[in-house]
Amino acid sequence: MAGAQPGVHALQLKPVCVSDSLKKGTKFVKWDDDSTIVTPIILRTDPQGFFFYWTDQNKETELLDLSLVKDARCGKHAKAPKDPKLRELLDVGNIGHLEQRMITVVYGPDLVNISHLNLVAFQEEVAKEWTNEVFSLATNLLAQNMSRDAFLEKAYTKLKLQVTPEGRIPLKNIYRLFSADRKRVETALEACSLPSSRNDSIPQEDFTPDVYRVFLNNLCPRPEIDNIFSEFGAKSKPYLTVDQMMDFINLKQRDPRLNEILYPPLKQEQVQVLIEKYEPNSSLAKKGQMSVDGFMRYLSGEENGVVSPEKLDLNEDMSQPLSHYFINSSHNTYLTAGQLAGNSSVEMYRQVLLSGCRCVELDCWKGRTAEEEPVITHGFTMTTEISFKEVIEAIAECAFKTSPFPILLSFENHVDSPKQQAKMAEYCRLIFGDALLMEPLEKYPLESGVPLPSPMDLMYKILVKNKKKSHKSSEGSGKKKLSEQASNTYSDSSSVFEPSSPGAGEADTESDDDDDDDDCKKSSMDEGTAGSEAMATEEMSNLVNYIQPVKFESFETSKKRNKSFEMSSFVETKGLEQLTKSPVEFVEYNKMQLSRIYPKGTRVDSSNYMPQLFWNAGCQMVALNFQTVDLAMQINMGMYEYNGKSGYRLKPEFMRRPDKHFDPFTEGIVDGIVANTLSVKIISGQFLSDKKVGTYVEVDMFGLPVDTRRKAFKTKTSQGNAVNPVWEEEPIVFKKVVLPSLACLRIAAYEEGGKFIGHRILPVQAIRPGYHYICLRNERNQPLMLPAVFVYIEVKDYVPDTYADVIEALSNPIRYVNLMEQRAKQLAALTLEDEEEVKKEADPGETSSEAPSETRTTPAENGVNHTATLAPKPPSQAPHSQPAPGSVKAPAKTEDLIQSVLTEVEAQTIEELKQQKSFVKLQKKHYKEMKDLVKRHHKKTTELIKEHTTKYNEIQNDYLRRRAALEKSAKKDSKKKSEPSSPDHGSSAIEQDLAALDAEMTQKLIDLKDKQQQQLLNLRQEQYYSEKYQKREHIKLLIQKLTDVAEECQNNQLKKLKEICEKEKKELKKKMDKKRQEKITEAKSKDKSQMEEEKTEMIRSYIQEVVQYIKRLEEAQSKRQEKLVEKHKEIRQQILDEKPKLQMELEQEYQDKFKRLPLEILEFVQEAMKGKVSEDSNHGSAPPSLASDPAKVNLKSPSSEEVQGENAGREFDTPL
């Protein structure tokens, strides 16, 4: 499907399942706040889970529609009686505390007007079971999106439950349920052989499901379905065969946008199962035949819903950053009516959260009571105050009952008391507990460039949006500002939109925070609202992490800061201004950061702006007044009804990808987005009103500005018929829906005076094509039991008019050829120029002149990358070669003709892949890394040799100094020897000292040599280890890169192959058309009648040949592709096989190097030592022992060539 997620979604939604205990019934005590009377009842649920009903001691039955139930509460969350006497009456039973046995069922038509059903169970376990089961039934998404058949069954169940004490069904209930036309009801009852007087009643056993269905068929006959049934094959027989039914489902009901591999068309066996399920006549079902009755049941069955159940389920990726989602958001959540007067309600927070909202607003003000408890209210208005603590408790109670994904608390903090702000923070910590996100997640630090965590990462967490205290300001100045805070205004000001141009704020009367433009703030309008909120204390500031409100300066500034945890709020007028001036920049901003839009202050009646405006810009928190159910709120409910009603909807891909730029005002097709064509035909309506009035249906489309069409279509008004009006009108066609993933279709029914009956909002991407019932809903999006509209929808990928003929020719060549011939004949008959037509057809120049035109209009030619790495070999015969004028070419054999157009395609070799730019670039990078590594080790070696040379010089100088001293002493001794009295033993002592000095010198040099040798060995080993590790990593990276390059090139080759296939088909058709032209030329010499006969035969045989040749060509192309794919696999495997081979070679190479290394170092040191000692001997500075047997020590600093030695030829090698 266009834009669909890859893979088939496994449905997680659970069907309605009513437990036995709810079916059998349980004893409860029912009580009311305004009465001290308690009523023992037996409470039950019908087996289908439609109604909650109870019978009192007088056997009178009351019903509660489960679709109206909002919540079920027990224990401390349930309502408790205030009257002590009433409490005493209720304290019955001996198992468990009274509080734990209390149940409150909350129900109502909308969020504001709610009622309570208060019950007391006799056991705690029973109270818990019923609470959980009732809440589960009331929030079941499949129950909220039932099939048409299920709604009709619900009406039947209601009639069966509302019986007299004798167990009979009063006919007045039937007349009341189908009140639009009493005469029709009377006639339908008579057709079922039932009494028709309003005061009569009938036994339940006489009103079976089959009788009820016959009654409905008579009350609401469906001639339009009979026509569809006949048109699709049942003209001469009263049934459809399994093949006809299969064609109907696959051709009419199947979505052509679906991938045929993931969502294959139905097969005979599957269709047979459907026939057996819906066909009431078992003998027909066994034969694979479906009657019109079975066909009607199938159309109203669960398999034929207008929206796939997978779209209702949680089917979107929830692991992307928070900024990539639209988030269901509420404005001034506590209000139940207008913005200036009315009651504030704690219950509104529960109701809004239960409805799927994930972002609520808390306008906090300083409490004026002695307890100094902060309150929530709309400042400087006549709205009432509610307790901040009670609101926090309500949020904690209902935060995650319907969705596990994070709650965002948008604080508008006007509390200018540090003590009360500390209380607020304490309540949040204590009541929310571990659910409150106090610290940022380890994976997502509050740093520039780091994206926000995902809804999946933040499951069951509550995040606070409040002003963050600036650490720059001192504590004293903070307190001073806090005490001086003037509470003369109220605003969202969790973040403030600050005009980027001077004077912009003064020129606009709309302020930047919630309700800043209210009339009671005239004095502060010009000043803006930057200081309208109180300074955040340390306690409140510590609660803020991922949602830090900041003043908006410009999109450029936000981009430079690149801090995803900073967000800004925009009043709707400022948001619209930015959207108009900088649409692309607004979308870019919303890819990384959150933005919140809220209604302008002049909407004192709590009306709403259209949220679609800001969804188009990717704004996440588009906050609305939930208490007002206008069109804008209906669109919002339609948006968040899907994806498991989680409150989060993944934005379209182009609004998330950093490499794509999206303009919401685009009018043309966006590259990469598959546009849709949508056609809607309103066929008929059923039970649209309970009055005998005329009705009509309107169709709207909402989406991007180019896609939006308000009141795009309106049917004629039916004449006094609300039961089964039929509209035979042309369908409304939305030719090009540019962004289907953000577009929705609204189908609404009205009475002739314009009174709203019901509607349904359907995402374009989720709509199933075909014949469907649209079960209508009321303003609050609650399903209506009987009203429905029967429609026929066509939806497909958009094809521009330019390519329509080409698409048709490629998809159905036979029909296309026939159509072309038919048009030619019609034109010839019209102009009476048969001879000229034949002459034109016979002219070979005509064919060649058409070729360029065909090439220009071929879609496959557009946007093709001709530099793609594909090396097709030229065919043996040039495709455009023409025979000599007048000559007739003999018909070619099938294989020869196919081979003449078939291009040989060869897979790229590994060596060719290695020449790809990205791979060569990586090799160069590795070359540089190895070069740098060797250079670093060369430097270390040079330094080591210099160090040893210095040491040698020190030893040598010490030796020379000490030897000189001994020789000097020896000279003195020789003078004394010349005296007769001096002893002779002095010379021998000096010789011994010199010998000892020589021995000491020799030993020092040997030690120095050993040390140098060991250090050089260690250094070279370290170099080899580094080289080996580096090369091992290079092998991994190069193999991975080569694999990626291979996959990319091979994918490009396969894409190019598709284009080649299309060109080959065209070439084949061209050649065959040329043969046909030659045959026509041959027939020119014959008389006209014979020529016409031969021409007709030629056309017939030509069509057959074209089909056969194309089929054989496709087979040859398929084999070629299989061979190419197999070769691709082989090459990828060869690449993978190179990795262990290269690693083994690397291991062996360095094993050999390590083995040779000690000897190489020894030889290197010996050679160096020989030269040094020889040099010193010539100068007489070497010890005599070394002069005769020099020690092998490196005593000089070699050149870089000497140091690198064997590395010179290999140091910059790369493994591949």
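Each residue's number is its place along the chain shown, starting with 1.
Glycine is treated like the rest: Cβ placed from N, Cα and C.
Sequence annotations record features per position, and here Swiss-Prot assigns active site to HIS331 (among others) based on sequence analysis.
Note on HIS378 (active site): other Cβ atoms within 10 Å of its Cβ, all shown chains, come to 25. The active site annotation in Swiss-Prot covers HIS378 (among others).
Sequence annotations record features per position, and here Swiss-Prot assigns compositional bias 'Basic and acidic residues' to 472-483 (among others).
Residues annotated as compositional bias 'Acidic residues' in Swiss-Prot: 507-518.
Summarising the annotation, Swiss-Prot assigns compositional bias 'Polar residues' to 846-868.
Residues annotated as compositional bias 'Basic and acidic residues' in Swiss-Prot: 967-979 (among others).
Positions annotated as compositional bias 'Basic and acidic residues' by Swiss-Prot: 1075-1095 (among others).
Secondary structure of the domain 'PI-PLC Y-box' (540-656) per DSSP (helix as H, G, I; strand as E, B; remaining residues coil): 45 helix, 21 strand, 51 coil. The feature domain 'PI-PLC Y-box' is assigned by Swiss-Prot to 540-656.
Per Swiss-Prot, domain 'C2' is recorded for 656-784, and the stated evidence type is sequence analysis.
Here Swiss-Prot flags CYS17 as S-palmitoyl cysteine, drawing on similarity to another entry. A coil conformation is recorded for CYS17 (S-palmitoyl cysteine) in the three-state DSSP classification, outside any helix or strand. For CYS17 (S-palmitoyl cysteine), the count of additional Cβ atoms within 10 Å of its Cβ stands at 11 [all protein chains shown].
The region 'Disordered' annotation in Swiss-Prot covers 469-534 (among others).
The annotation region 'Disordered' is assigned in Swiss-Prot to 834-891 (among others).
The feature region 'Disordered' is assigned by Swiss-Prot to 967-989 (among others).
What Swiss-Prot records for 1072-1095 (among others) is region 'Disordered'.
Residues or ranges marked as region 'Disordered' by Swiss-Prot: 1172-1216 (among others).
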HIS331 (active site) in three-state DSSP notation: coil
Integer Å distance between the CA atoms belonging to CYS17 (S-palmitoyl cysteine) and HIS331 (active site): 36
Distance, HIS378 (active site) to CYS17 (S-palmitoyl cysteine) (CA atoms, angstrom): 44
CB contacts for HIS331 (active site) [other CB atoms within 10 A, all chains]: 27
Segment confidence, the domain 'PI-PLC Y-box' (540-656), expressed as mean pLDDT: 95
